[in-house]
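K.L.:
Right, I'll just put the structure down here and ask away after.
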């Protein structure tokens with residue numbers, strides 16, 4: 001009922017929200033929103049003027065090379081003595097401009113020196129990256145490849161021991177026929193020889209000592225002992241076969257006698 005009466009009566013006015021025409025007739029609503037913006041501006045300007053008083057008017061002047069102001073000196077440092085002299089004589093401040101322009105010109109010279117030094121740096125890095133080949137890393141017995149290489153390894157040169165080296169090696173062999181690695185290194189350093197040369201000399205010297213004393217070779221001795229053991233085993237097997245023959249025959253005859261009974 002309330003909704004239908006409200007729709008039928010088109011002239012019904014809600015008392016809470018009066019029409020805008022009454023506000024416009026009574027000048028409650030301004031024609032443009034300038035009213036609010038002006039109120040804000042005026043209030044802000046008034047507050048700004050109270051906090052910050054207006055500055056005094058100053059006359060703008062044009063600057064040129066002769067009227068460049070001097071840079072502010074940092075705290076704790078006074079004005080240079082030359083500036084006092086120039087100010088006392090009445091010379092313009094533009095005379096100091098070359099000094100200001102000269103100071104920035106120094107870094108390019110340093111930069112050029114750095115640029116000249118940089119090309120040498122890659123060479124040093126390249127040389128440092130090259131692997132260092134020590135003498136012990138090289139193969140002494142392998143010769144360089146040449147055009148006349150026929151595929152066979154060249155003959156190794158025979159080491160010629162001096163009289164003093166042979167004497168020291170004979171002394172060591174008299175006390176120790178077999179060397180440890182530590183002792184071999186010590187002898188090699190003492191006689192200025194390689195470990196391989198010391199090892200080969202002792203091997204040859206042991207073979208000579210066995211030949212002089214007529215000692216049998218261990219390899220031949222082991223092979224002969226193996227053949228003797230095999231022959232002995234064959235003889236034992238044959239003897240056991242011959243011994244077991246009559247017993248088997250007597251057993252067979254005894255079985256036949258039992259069956260006959």
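Every residue, even glycine, has its Cβ placed from backbone N, Cα and C.
Quick paste of what Swiss-Prot says about this protein:
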DNA_BIND  154-213  DNA-binding region
COMPBIAS  101-113  compositional bias 'Low complexity'
COMPBIAS  114-130  compositional bias 'Polar residues'
COMPBIAS  222-245  compositional bias 'Low complexity'
REGION    85-130  region 'Disordered'
REGION    212-261  region 'Disordered'
MOTIF     133-138  motif 'Antp-type hexapeptide'
K.L.:
Where does the mean pLDDT land for the DNA-binding region (154-213)?
P.N.:
92
K.L.:
When DSSP states are grouped into helix, strand and coil, how many residues of the DNA-binding region (154-213) land in each?
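P.N.:
So the DNA-binding region (154-213) is made up of 42 helix, 0 strand, 18 coil.
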